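Per TrEMBL, these features apply:
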- CYS363: active site, proton donor (ACT_SITE)
- GLY239, GLU273, PRO274, GLY275, ARG276, TYR392: pyridoxal 5'-phosphate binding site (BINDING)
- ARG276, ARG312, TYR316, GLU364, TYR392: substrate binding site (BINDING)
- 30-390: domain 'Orn/DAP/Arg decarboxylase 2 C-terminal' (DOMAIN)
- 37-279: domain 'Orn/DAP/Arg decarboxylase 2 N-terminal' (DOMAIN)
- LYS60: N6-(pyridoxal phosphate)lysine (MOD_RES)
Amino acid sequence: MDHFDYRDRTLYCEDVPVPELAEKYGTPLYVYSQATLLDRLKEVQTAFTEVKPVICYSVKANGNLSIARLMGQNGAGFDVTSQGEFQRALKAGPTGSKIVFAGVGKSDAEIEFALKNDVFLFDVESEQELHAIGAVAQKLGVKAPVALRVNPDLPPKTHVKTDTSVKGVKFGLDIETIVDVAKGVVGHPGLAVVGLHMHLGSPILKAEPYRMGAEKGVALIKQFRAQGHDIKFLNMGGGFGINYRKDEAKPASAFAEVIIPAVKESGCQLILEPGRFIAGNAAILLSRVVFTKSTGGKHYIIQDAAMNDLIRPTLYGSFHRIWPVTPSTEVPVRPDVNGDPDDPNPFRAMPNCFTQDVVGPVCESGDYLAKDRPLPGVKRGDLLAVFSAGAYGMAMASNYNSRVRAAEVLVTGRTHRLIRRRETFADLVACEEDCLT
Ligand SMILES: Cc1ncc(COP(=O)(O)O)c(C=O)c1O
Ligand SMILES: N[C@@H](CCCC[NH3+])C(=O)O
């Protein structure tokens, strides 16, 4: 399973026994498999190779400099959504990396920064933004390369907090009005409208929305061209889903099958912005059991990772597989289907499994990594692996409750390197002025 597997009842990341990492770096710890990161990037590159795509790794999923560098070294550009992400991409990417800049609220300063740093394309999300970009570009005496982001009004329902292409969300230009917006900037001295962008949501487990989106995209591109815009790029965004529960995700080839025909018809270069697909299954969040507790008929595993380390379960009710790193002989070693309500759980009947909540030390009842999950009994000091934590895990981590953020380690084969050290109290207060002493 993505270079995380059990050998003799011990979880390995590539060829490193995970307990060794806990010993050396402490917990909570993000553990990344370099082979998985590269396999996943390669999978996208290979699936779309026929149309020579520009793959812009979505930095928001995981912006660690070493991971971004790995992407850049292996042919990826970057999709960014703030100046901070832009700077990460510049720092980690090779010279000339293609950087696409999306986001609904780019400030003039960010626009100027991007223009001065060779932005490949702005993904433009509103008419006001389009004119703001045009104005900044004119001030600098350049033409800004832009792709208009359409909200294609499609139904890939993900989660109310992550839907990006259903009517009424804040993203993109309405499909009904985008053509008029494009018309309004024909011949604009500060703007080169060269692309169409869409991002359908995340995560998406079906290919069909991409087929529908790409078809709508081709129709728009034809209209933009008829207006005189020289459209060269079709950017289909990110959103490809991954396996959180079992084998629910589609391979990249399934998306390629429905996107490539439209790309060919459009005569455009394809851009993709995968984030989760590359990083999601490439990491576990490793934690250690602090206490166990039973109260009010419920059983709790209190471990040292919390909502500040991985907020997805709290924020979206997301499911992450969790399993002991060294399961006892009474429980199976593969965590494939634990707790999946859509799947009859063969582990439920295991003598040592019972329904438990996996919670952290943060002072919120919503601080949990799993709820009502059939898990084996564990004891203080046991290690747990929270799977599929590589995307939007560390990237969304915070210091809530003055908890220092976790360390991150990158494994390749039998070796491992710290790619982010654990924070310290000094880091926590580094930006504060203790001015009343
Ligand atoms: C514009 C844009 N591109 C790419 C992504 C990356 O999405 P994912 O990590 O699901 O591939 C996102 C996030 O959803 C996004 O908003
Ligand atoms: N952060 C989200 C998805 C949103 C992606 C960014 N548009 C997640 O953890 O799944």
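Easy rule for this one: first residue shown is 1, then count along the chain.
Just so it is clear, glycine is given a Cβ too, placed from its N, Cα and C backbone atoms.
Sequence features annotated in TrEMBL and their locations in the structure.
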residue : record                              : Cβ neighbours (10 Å)
LYS60   : N6-(pyridoxal phosphate)lysine      : 22
GLU273  : pyridoxal 5'-phosphate binding site : 30
PRO274  : pyridoxal 5'-phosphate binding site : 29
GLY275  : pyridoxal 5'-phosphate binding site : 26
ARG276  : pyridoxal 5'-phosphate binding site : 26
ARG312  : substrate binding site              : 20
TYR316  : substrate binding site              : 14
CYS363  : active site, proton donor           : 9
GLU364  : substrate binding site              : 14
TYR392  : pyridoxal 5'-phosphate binding site : 24
For GLY239 (pyridoxal 5'-phosphate binding site), the number of other Cβ atoms found within 10 Å of its own Cβ: 29
Extra residues within 8 Å (Cβ to Cβ centroid of GLY239, GLU273, PRO274, GLY275, ARG276, TYR392), pyridoxal 5'-phosphate: SER58, LYS60, ALA61, SER202, PRO203, GLY238, PHE240, PHE277, ILE278, ALA279, GLY280, ALA391
Pairwise Cα distance maximum in Å, pyridoxal 5'-phosphate-binding residues per record: GLY239, GLU273, PRO274, GLY275, ARG276, TYR392: 15
Closest of LYS60, ARG312, CYS363 to GLY275 (pyridoxal 5'-phosphate binding site), Cα positions, recorded positions only: LYS60
In sequence order, the recorded positions (LYS60, ARG312, TYR316, CYS363) whose C-alpha falls within 10 A of TYR392 (pyridoxal 5'-phosphate binding site): LYS60, ARG312
For the domain 'Orn/DAP/Arg decarboxylase 2 N-terminal' (37-279), mean pLDDT (0 to 100): 95
Residue among recorded positions LYS60, ARG312, TYR316, CYS363, GLU364 with Cα closest to the Cα of PRO274 (pyridoxal 5'-phosphate binding site): LYS60
